[in-house]
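K.L.:
If you scroll down you'll find the structure; I have some questions about it.
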Amino acid sequence: MKKTLQDEIEAILRKRIMVLDGGMGTMIQRYKLSEEHFQGQEFKDHSRPLKGNNDILSITQPDIIYQIHKEYLLAGADIIETNTFSSTSIAQADYGLEHLAYRMNKCSADVARKAAEEITLQTGVKRFVAGALGPTNKTLSVSPSVERPDYRNITFDELVDAYQEQAKGLLDGRVDILLIETIFDTANAKAALFAIQNLFEENYAPPRPIFISGTIVDKSGRTLSGQTGEAFVTSVSHSDPLCIGLNCSLGAAEMRPFIETIGKCTTAYVLCYPNAGLPNTFGDYDETPSTMATHLKDFAVDGLVNIVGGCCGSTPDHIREIAEAVKKCKPRVPPASVFEGHMLLSGLEPFRIGPYTNFVNIGERCNVAGSRKFAKLIMAGNYEEALSIAKAQVEMGAQVLDINMDDGMLDGPSAMTRFCNSIASEPDIAKVPLCIDSSNFAVIEAGLKCCQGKCIVNSISLKEGEGDFLEKARKIKKFGAAVVVMAFDEEGQATETDVKVNVCTRAYHLLVDKVGFNPNDIIFDPNILTIGTGMEEHNLYAINFIHATRVIKETLPGVRISGGLSNLSFSFRGMEAIREAMHGVFLYHAIKFGMDMGIVNAGNLPVYDAIHKDLLQLCEDLIWNKDSEATEKLLRYAQTHGTGGKKVIQTDEWRNGSIEERLEYALVKGIEKHIVEDTEEARLNGEKYPRPLNIIEGPLMNGMKVVGDLFGAGKMFLPQVIKSARVMKKAVGHLIPFMEKEREEARLINGSVEEEDPYQGTIVLATVKGDVHDIGKNIVGVVLACNNFRVIDLGVMTPCDKILQAALDHKADIIGLSGLITPSLDEMIFVAKEMERLAIKIPLLIGGATTSRTHTAVKIAPRYSAPVIHVLDASKSVVVCSQLLDENLRDDYFEEILEEYEDIRQDHYESLKERKYVPLSQARKHGFHIDWLSEPHPVKPTFIGTQVFEDYNLQKLVDYIDWKPFFDVWQLRGKYPNRGFPKIFNDKAVGEEARKVYNDAQNMLNILISQKKLQARGVVGFWPAQSVQDDIHLYAEGVVPQAAEPIATFYGLRQQAEKDSSSTDPYHCLSDFIAPLHSGVCDYLGLFAVACFGVEELSKTYEDDGDDYSSIMVKALGDRLAEAFAEELHERVRRELWAYSRSEQLGVPDLRRLRYEGIRPAPGYPSQPDHTEKLTMWRLASIEQATGIRLTESLAMAPASAVSGLYFSNVKAKYFAVGKISKDQTEDYALRKNMPVAEVEKWLGPILGYDTD
């Protein structure tokens, strides 16, 4: 018999470790290809840019791809991957090339085949080509819309079609292997496997070996769609891959534990091709070839791998060293079997059912035929509340969820799809496998197409004959599901023991012998039928099931037995206590005889021994048919003892606790409802709490200590802490009048009264002079107050003398300074100097978005001899303050900080010596150059001058809100892959709290908009503009720029940090994107300023009411609305007001990804770090007079919820960071701006590449 490719490759894998190639994209980047290279001759007139579409290079630059393949092969790669990572019609649609998908794959395979055959001939060592199928840019498991968790922008069938087209091109190009790689969503991979199987069934025999490679996105060990490594393997192993493993996302060192997991749960060979380490701050990969090779050699020595290679950042040099490192290592020996005798299922997590697994509860309540509540919710389209039923089933112990949508009034496939998709958005539910239950096979298929895990299908039978049975079974196997087979054949439902056994035996052999089903994936349901009906022929139904179960388990190895338990007691509808007892007794016996699982109401099964003895005996008699009057006796029992109903859960049970327990519970849970009456109850207990202060120092502070401990341990999140603080304030607010009365009485008696301080310490907080941003500071204040610190919050724009005087007046233990804009850094230095001069030797904390440990260590700490500490966020503030005020820890902590900051300073000054800068003249010479005469002429705006927008419609802005920064305010940060919005809702740690805060935000937004609490105002302006070197001159309308004086000038800063010797990247300046004065091309520049008014006032109202949560919420939403205003207005500028991109049709996600033409950089940000450029904007457009947005002395905008910037329309304009500059540019810039060099250095401090001290 002729050897297949699989035989050939497997023979090599048994002998040695094979080597895969490295990063294709990494190598392509080295060629620094232009748009013209990507287009080639064929696509030079293509309507969309193609740069970045690496896969098209197999058509337009095949010689480059061929050369890269050769480099990897000569470096020692046994297997090269085709350049087809994004060669599906789905991914290519972004470039308008979806019609080329087949050709792209065929060409890529041809190029790789040519290289492999040439090197095989040259070296005498057989080389192989793996056809790469990437994950596409869409996902079946995650909704792109937070408002619609059930929505998907791609279907399983569409993915199958796309993958089938791709695989066909690869197979026609003669690839040896099909490699489904970088799998972040297992559902997508299952669609690829389905497509490949379609081709193998049609006309591509013999099948090619399949390699499968997933992607674990971080140290949590899960894919982007949430699956663990073992669950992923379980979900795709039905395809019988030759190799399975991991690639991308992680470096080798980080990937090791997950490769070990993969190896323990598969009989396939294991492949591993990690990135060259983790990306650095610039997104590049730094791990050297020798380091990467050392890590992978360790894998090999420990017997973990069969194939190794590289992904992102890896090069032929990496592959050469890896090949050499593993050359003499023995390959991993795959185990003959894993989890022998187990049924393997998966949701987001694996679920193994083995010989010693306890009875498996399949939750029954998500069934429109079995739960009236569930049916009502589904009929009403209330899928969100229907999910709560599923979640409750899991919480009550369901290990699998049965989903059934069989109702004549429902569109079954649609309802099943919608509900399964909704489940995928809830990790607490999606962690368990699903049992897709329907009598309509189209509904079953709809459910299977939504599930990334390995499901159970419930059910198929021989009712329609063998042909129908085999067809459905083959399709189920192709989906990778386990199957429930009913004891039902062409003659009807089996009721007798021998008939049940015969039907199941026949089905077993058809499944195992003809379809190739793993016996461990077969579940038989021998029919639990209703007893106690009064019909004699039904009396043996329970006994027949139990006896059939025993025989089936003894004669059909590997199978499991299940059944629908509620059928048993259907005669006793409405008598819940009777039904539950019957179920408990039946299961007690059926499990002993071999029943493995059942569809039950999880959590409602009584323990056999806990059933009342009289009821127990009656159930025993009925089930075992011991008493012909058992049914009547049970009915009489029900009449005597009551039918039994659902238990009522006491939701306010905590109200029965002691007053101390109630106060603590209210604080921890943030419940305001009873806090005043409970506080008053404590106050009236004069024996226990003789003074109101005793209540604050006692139960209230104890409760807040619990809150602080939970927050510090990561078990409470910031929004919850702030709600706790609101409750605390309300309690203290109730006690204050009584405390004041007590003090007044003491003063009358004693003439004076000594003030008592119950706090851990006093801290003065302030946003420094010239800065109006205070959300972060307010949050720190709330968190510190929750941890028994007395917080003196001085607000925003606080002068140094006021800060220091407050510290003296309140006998502060610590001062905390906050700031958002770069000029605030200088004010912080000034405060530190003044503290040193006035000998106020208390710790100084530094925080805020613009601050850093480096700036604190280098610029602030040397000015002050007491502790100066940079605090990252609110969660760190408590620890820092506690250590600074603890006499036992303070000195050691300060010493540690001193040493750490000294190291930072040394590193900083060493880095200044190492940094190299090109002279300004050279940077200008190598700036970004545009051929203005060959480019389309700039579009003239629809008006010159300004247009003011009064009372802008806030409702229009809501869809443009970017929610990620909103969650950052609340310090709710999901772990990868759940960092962004709406993925954060899927995060196991913060997802639930994030959703609560988001819902609160939605409610607040409705109030703000409907009640007109806030007002949005803005201004836009356009002027003729020309560049002169690094500056942009603006002119009045109608003049000839070459013969006129500019009405304003915006000064630019140019990149100077020396670039890599091989780099052709230009040294950017914003002026590069405006036509030069001498070009003869008329160009234009725009500007804008927008703000939300009323935020501070409304926030202050909430704060005065003791509602810190709403106070911070208003500010956070004010900032988001201002940013949304800027986004929405920029869209209008592009399409209407400037109209240089009239046909733009972009969704909000595209706007977020900056897929539009033009940019809107802001002074004070990386592309122009100088805040003083705002002065020109405000003067030119009369911004303060037009809108009310003013500039502070530090050039922060007031109100704080404000955004401003410039508009550039050129299609080649892009955002960049100026980075550090050298002194020659500072001096030149000062000369052009007619400012003293020292003044310019003050404003540009953070970007100076030299020390000014």
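Count begins at 1; order follows the chain as displayed.
Each Cβ is built from the backbone N, Cα and C atoms, and glycine gets one as well.
Predicted, not measured: the structure shown is a model, and the values here were computed from it.
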K.L.:
Have a look through CYS243, CYS248, CYS420, CYS435 and flag the one Swiss-Prot assigns to the Zn(2+) site that CYS311, CYS312 belong to.
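P.N.:
Record source Swiss-Prot; matching candidate: CYS248.
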K.L.:
Please report the number of other Cβ atoms within 10 Å of the Cβ of ARG579 ((6S)-5,6,7,8-tetrahydrofolate binding site).
P.N.:
22
K.L.:
Please give me the binding-site residues out of ASN567, GLU697, HIS773, SER818 that lie within 10 Å of PHE1216 (S-adenosyl-L-methionine binding site), comparing Cα atoms only.
P.N.:
none
K.L.:
Please spell out the DSSP helix, strand and coil residue counts for the domain 'B12-binding N-terminal' (650-747).
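P.N.:
Per DSSP, the residues of the domain 'B12-binding N-terminal' (650-747) fall into 76 helix, 0 strand, 22 coil.
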K.L.:
Would you mind checking how many other C-beta atoms are within 10 angstroms of the C-beta on GLY370 ((6S)-5,6,7,8-tetrahydrofolate binding site)?
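P.N.:
The answer is 18 other Cβ atoms.
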K.L.:
Show which residues of the chain containing SER818 (methylcob(III)alamin binding site), separated from it by at least 6 in sequence, have their CB under 8 Å from its CB.
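P.N.:
Correct list: LEU765, ALA766, THR767, VAL768, ASP771, HIS773, ASP774, GLY776, LYS777, VAL780, GLY847, GLY848.
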K.L.:
Counting all other Cβ atoms within 10 Å across every protein chain shown, which of the binding-site residues ARG372, HIS773 scores highest?
P.N.:
HIS773
K.L.:
For each of TYR1215, PHE1216, count the other CB atoms within 10 A of its CB; which of these binding-site residues has the top count?
P.N.:
PHE1216
K.L.:
Of the listed stretches 6-326, 359-620, 911-1253, which one has the most C-beta pairs under 8 A with the domain 'B12-binding N-terminal' (650-747)?
P.N.:
911-1253
K.L.:
To the nearest Å, how far is the Cα of CYS312 (Zn(2+) binding site) from the Cα of ASN567 ((6S)-5,6,7,8-tetrahydrofolate binding site)?
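P.N.:
Cα-Cα distance, CYS312 (Zn(2+) binding site) to ASN567 ((6S)-5,6,7,8-tetrahydrofolate binding site): 56 Å.
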K.L.:
What is the maximum Cα to Cα distance, in Å and rounded to a whole number, among the residues GLY370, SER371, ARG372, ASP437, ASN458, ASP525, ASN567, ARG573, ARG579 annotated as binding (6S)-5,6,7,8-tetrahydrofolate?
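P.N.:
The widest Cα-Cα gap among those binding residues is 24 Å.
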K.L.:
Cα-Cα, whole number of Å: ARG579 ((6S)-5,6,7,8-tetrahydrofolate binding site) versus CYS248 (Zn(2+) binding site)?
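P.N.:
Between the Cα atoms of ARG579 ((6S)-5,6,7,8-tetrahydrofolate binding site) and CYS248 (Zn(2+) binding site), the distance comes to 53 Å.
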